[in-house]
Each structure stands twice: as structure tokens, then as C-alpha cells.
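Positions annotated as signal peptide by Swiss-Prot: 1-20. The feature domain 'Chitin-binding type-1' is assigned by Swiss-Prot to 25-60. For Cys28-Cys36, Cys30-Cys42, Cys35-Cys49, Cys88-Cys137, Cys150-Cys159, Cys239-Cys271, the entry in Swiss-Prot reads disulfide bond. Residues or ranges marked as active site, proton donor in Swiss-Prot: Glu132.
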Amino acid sequence: MARRLSLLAVVLAMVAAVSASTAAAQSCGCASDQCCSKWGFCGTGSDYCGTGCQAGPCDVPATNDVSVASIVTPEFFAALVAQADDGCAAKGFYTRDAFLTAAGGYPSFGRTGSVDDSKREIAAFFAHANHETIKFCYIEEIDGPSKNYCDETSTQWPCMAGKGYYGRGPLQISWNFNYGPAGQSIGFDGLGDPDAVARSPVLAFQTALWYWTNNVHDAFVSGQGFGATIRAINGALECDGKNPTAVSNRVAYYQQFCQQFGVDPGSNLTC
């Protein structure tokens with residue numbers, strides 16, 4: 001009897017596991033053996049089950065044992081936010097605790113490759129954040145409400161009346177086609193309440209890391225260099241000679257942070 005009950009328990013556990021996987025995949029409308037990609041499409045293979053996979057039998061990326069908190073020390077982060085003067089909108093908004101809480105949901109960030117690779121990726125992330133927020137002075141894009149970031153061709157992520165999808169947070173996430181999937185992945189109403197990113201420092205870092213993980217991480221850790229991260233973040237407006245000053249500023253911050261972390265910045269720094 002006991003053996004039969006044990007067997008029954010094992011069977012029930014297996015059924016529960018399969019049911020959980022099925023429910024996860026079905027949250028995006030996918031079959032149980034399919035993954036919901038970062039863009040909300042169903043399928044199999046690395047394009048669907050790799051980076052950014054939201055549900056289903058997602059691939060689990062290999063990570064090293066680096067502690068992101070040991071690299072982003074209290075002293076490093078304090079120096080970052082100290083750049084913002086008292087008149088800055090973001091003064092007191094961005095915190096190390098918020099960053100580390102957000103980073104906990106992205107285990108591949110700063111933990112892929114060698115220890116030096118980890119340091120370079122973290123330096124790259126904060127170089128862009130430093131540039132985008134103008135040294136951590138801003139939460140929202142300057143004059144953002146006056147700008148139109150609604151791509152009406154993105155029918156999967158339709159814009160909502162009265163909502164502005166301008167830049168917010170450390171990487172200034174923009175456009176409805178980014179707010180929508182970011183909200184779906186993280187768990188907030190990105191299309192209906194994009195302002196939520198500017199109200200919560202944790203959510204601000206989560207959206208930045210969501211964008212980084214889905215659009216920047218793979219290019220950087222594959223050895224394409226810092227220049228590839230510029231192209232992934234704002235290449236259309238800065239790369240190929242469009243805005244050399246902005247590119248130079250990003251590179252300078254990256255080199256500065258690499259020096260602080262004691263790591264060589266590598267090659268292919270520009271775009």
C-alpha cells in the first residue's frame with residue numbers, strides 16, 4: 001500500500017510539473033512544448049527559447065559565480081548618483097538596493113563568461129545609464145511628453161490614448177513596442193501605465209535590464225565590443241558618423257568604469 005501511494009505521489013508530482021509548464025506557456029497562448037519568445041511569439045529553438053524567453057521550456061543560460069554586488073559596490077554606486085546635484089529630478093531616486101533587486105531577476109547579466117567579462121558588461125551597462133540619464137540627473141526624457149513614440153504599425157502593442165512612451169529609467173526605455181513586452185515580461189501595464197517606470201526605482205532598473213538582456217547582452221558577451229552596445233541602444237541616431245560626440249561620451253564612460261573595475265575595455269569600442 002505504501003509503495004502504491006509513493007508511486008501515486010510521484011505520478012501526481014509529474015502531472016503537476018507538466019501542468020505548471022503548460023500553464024506558463026499558455027499565458028502567452030503557446031502549446032506546452034513551445035516557448036513564448038521575448039516578443040510574445042510561440043515556437044521552438046533558440047530564437048524562441050533563448051534570451052528573453054517569457055514562458056514554456058525556456059533555455060537556462062550558463063552563468064558564472066560572480067557576485068554583481070561585489071562589483072557594484074556601495075562606493076561605486078554612491079559615486080555614480082553623487083554626480084547629480086540637488087536640483088536634479090532623479091536625486092535620491094536611483095539606489096543600489098533597487099538595482100540589485102532588479103538584477104536578481106536577470107541572472108545572466110554580469111554573470112556570463114569570465115570575471116573580466118562580467119566586469120566589462122557591468123561597466124558597459126552603467127556607461128550607457130550614465131549617458132542616458134545625464135549622470136543620473138534624470139528619470140524621464142527631457143521634453144519627453146512633447147515627443148511622439150507611438151509606432152502605429154506595431155499592432156501587437158497598440159498605443160493607448162493619452163499615454164506617452166517616451167524615455168524613462170536608466171536606459172530611457174522608449175516606444176510602445178518596448179513598453180508593451182517589457183510590461184508583459186516584468187509584470188506591469190507597460191502600455192496602460194508607462195509612468196510606472198518613473199515612479200519605482202526597482203521597475204526603472206528592471207525595464208533597463210529587460211532591454212539590455214533582450215537587445216544588448218548577447219552582442220556584447222559574444223565579443224562584438226562596446227561599439228555593438230551603442231548600436232543596439234541608439235545606433236540609428238548615433239552610429240556611422242551621425243553623432244560622434246554622443247558616441248565619444250559613451251565610450252569615455254565605459255573606459256572610466258572599466259578602469260575603476262580594473263579590467264581592459266577591449267577592442268571595437270565605437271560604431
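Yeah, the Cβs are placed from backbone N, Cα and C, and that goes for glycine too.
On the backbone, the CA of Cys239 (disulfide bond) and the CA of Cys159 (disulfide bond) stand 28 Å apart.
When the alpha carbons of Cys159 (disulfide bond) and Cys36 (disulfide bond) are compared, the span between them is 22 angstrom. Secondary structure at Cys49 (disulfide bond), as computed by DSSP, is helix.
In this structure, the disulfide-bonded residues under consideration are Cys30, Cys150, Cys159, and the one with the smallest number of other Cβ atoms within 10 Å of its Cβ is Cys150. Proximity of Cys271 (disulfide bond) to non-local residues of its own chain (separation of 6 or more, Cβ distance below 8 Å) is seen for Gly227, Ala228, Ile230, Arg231, Gly235, Glu238, Cys239, Asp240, Val247, given in sequence order. Neighbours of Glu132 (active site, proton donor), defined as other CB atoms within 10 A of its CB across all chains, total 20. For Cys88 (disulfide bond), applying a Cβ distance below 8 Å and a minimum sequence separation of six or more within one chain yields Phe136, Cys137, Tyr138.
In this structure, Cys88 (disulfide bond) belongs to neither helix nor strand by DSSP; it is coil. The two recorded residues Cys28 (disulfide bond) and Glu132 (active site, proton donor) have their Cα atoms spaced 32 Å from each other. Ranking the recorded positions Cys42, Glu132, Cys150 by Cα distance from Cys35 (disulfide bond) puts Cys42 first.
If you average pLDDT over the domain 'Chitin-binding type-1' (25-60) in this model, you get 73.
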